[in-house]
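What follows is a single structure, written as structure tokens, with notes after it.
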Amino acid sequence: MASCLALRMALLLVSGVLAPAVLTDDVPQEPVPTLWNEPAELPSGEGPVESTSPGREPVDTGPPAPTVAPGPEDSTAQERLDQGGGSLGPGAIAAIVIAALLATCVVLALVVVALRKFSAS
């Protein structure tokens, strides 16, 4: 009976360690983001591009038209969560792996306690 319990716990331990590794293996790699202060790349053969028209100030047209503020029930309708295609970031993956390792340690401690209890009686 104890060997069957130990075999089950070992199988649970192995599956707890391997499941996060298998599930996080197929995450696509995202391109490296550029820094905000890096200069923009210019097309080959062209000089710097002027971003503003010389000598012209924007004309003030007055205050903007008032808009209807959304009610409290409409505040979440405009927000779109997780538009990145459903992939997890590196922090979330690390948290999942750490949680799996902690769960494995708890299961291992329970196995040790159970084996000591049954071997003592």
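Just so you know, glycine gets a Cβ as well, placed from its N, Cα and C.
For reference, Swiss-Prot has these:
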| type | residues | note |
| --- | --- | --- |
| SIGNAL | 1-24 | signal peptide |
| TOPO_DOM | 25-92 | topological domain 'Extracellular' |
| REGION | 28-84 | region 'Disordered' |
| TRANSMEM | 93-113 | transmembrane segment |
| TOPO_DOM | 114-121 | topological domain 'Cytoplasmic' |
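When the topological domain 'Cytoplasmic' (114-121) is classified with DSSP, helix, strand and coil residues number 7 helix, 0 strand, 1 coil. Per-residue confidence over the topological domain 'Extracellular' (25-92) averages 63 (mean pLDDT, predicted model).
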